[in-house]
Amino acid sequence: MAVSSVRLFNSLYPSRASLIAYSTLHSGFPNSLGYNSFRVKGGLVYSISGSSRVRALVKGKGERTEDYPLAGDSTDNKKVAESWPRSLQRDFAGTPYVPIYVMLPLGVIDRNCELVDPEGLTNQLRILKSVNVDGVMIDCWWGIVEAHAPQTYNWSGYRRLFQIVRDLGLKLQVVMSFHECGGNVGDDVNIPLPQWVREIGDSNPDIYFTDREGRCNTECLTWGIDKERVLRGRTAVEVYFDYMRNFRVEFDDFFVSGVIAEIEVGMGPCGELRYPSYPVKHGWKYPGIGEFQCYDKYLMKRLKKAAEIRGHTFWGRAPDNSGSYNSAPHETGFFRDGGDYDSYYGRFFLNWYSQILVDHGDRVLALANLAFEGTCIAAKLSGIHWWYKTASHAAELTSGFYNPAHRDGYAPIAAMLKKHGVALNFTCVELRTLNQLEGFPEAMADPEGLVWQVLNAAWDVSIPVASENALPCYDREGYNKILENAKPRNDPDGRHLSAFTYLRLNPALIERRNFVEFERFVKGMHGTILVSLLSFILSF
């Protein structure tokens, strides 16, 4: 028999009362319902009134009843009442099963490759398992595993972690993380690139992406050295391949048993296929357009060669009127409406800049398929949704996505992924355009439009599409938005996400109020139960 998530939660946190019956329904019931009681399986009784509270039988020190707000502990009944109709618009029972994974904390493995707090993590994983989460996602950090010397790998902490996950009956999504951790939004630990790589960078800083001011970004290696033997006799893609191949050999038993369900290959900052165009460490703030990152000597050499082949050697330079990290498009000569981005030179440069991104993905994924033959492989794209409602889409252009209003910049990436049979993992599916316009109206953001464009670019070439949330999400509105994107209403082809990964496991997620909403969300993604208690009540 499956263990109740609430009972398991309270067995691990005995100081709390054990909630036997609970509701995830928002407030705002029509007054005609009055104050009624009804019985469900096991003889448990709910009492629901026109107020925003549910009365449930509670087992603690003796049986008693307690009142709970139906939408958390908020006393703002007007706000709650206004929100419930949106959350009850659609029932996902009987919809396709979409697996749910949860990202593990960034610091679950320390810099010595040892598992931190295995007992506490095991308890948290049991809680996730109790609501039928399918598995977890874990970063395998290059800076930890190959930290001290080339081709000397230490996987010890990861093996212990994988064993715990396997024993609990969960699956694994494993990220080959070839970037540093720290300095970005949500980063609470610091894991730099391997020491031996940083030593090379001390004498040759051009192994990193570089901006117009000459500032190097040590978060990941420039794609300019993909085929340059500057890493102790190896090219960057050879280093990545050796790492992936060693992982495959080390964890063969987990591949054979099917515990490792997917490998996501990191190909840029934050593990995403993009340029590091908006680094917080260099002063970027939302919604700045970012800067082009092609000023290392290797990429500049390739740009000049491309210009020579085109027959215009003076095009062998990056734009000099594209503003700075925190500029707005209309403040620049390059990105403003009618600006140089759409000139002959601008189109040449942006084609070259975006093709470098596609070529990097092509090279790395070809080798990933060799290392992980027969295993599902995914690549992650970031959701650059700010300035999407402008003509130039400036923030996307600096990130390497050549996606102005007159061009589909995601189709070439989708075609490259299709070539290698690789799934697309996309972010920001929980964001609503209206909320972005209310918070930052000047950003001209449209996350919903971007999500729809990218999902359709992938579906048009018939590759699997997975997703994850970009920011922490605990509320029903965000979960409902994810559900709607995961399973588009009335899609004639029945298309849906292949998986969803929740960012991220933390103490806030497993707080009772938040975890009840999360369990409801999991059931909706699995399509196994009516997600609305209202539908249940009306069936009586």
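For all residues, glycine too, the Cβ spot is worked out from N, Cα and C.
Feature annotations, reproduced from TrEMBL:
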BINDING   Asp139, His179, Asp187, Lys380, His385, Thr427, Asn469, Ala470, Arg504  substrate binding site
ACT_SITE  Glu272  active site, proton donor
ACT_SITE  Glu468  active site, proton acceptor
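Counting every protein chain shown, the Cβ of His385 (substrate binding site) has 26 other Cβ atoms within 10 Å. Ranked by CA distance from Glu468 (active site, proton acceptor), the recorded positions Asp139, Glu272, His385, Arg504 have Arg504 at the top as the closest. Cα-Cα distance from Asn469 (substrate binding site) to Glu272 (active site, proton donor): 14 Å (rounded to the nearest whole number). Neighbour list (Asp139 (substrate binding site), Cβ cut-off 8 Å, at least 6 residues apart, same chain): Leu106, Val175, Ser177, Cys181, Gly271.
Taking only the Cα positions, the spacing between Glu272 (active site, proton donor) and His385 (substrate binding site) is 15 angstrom.
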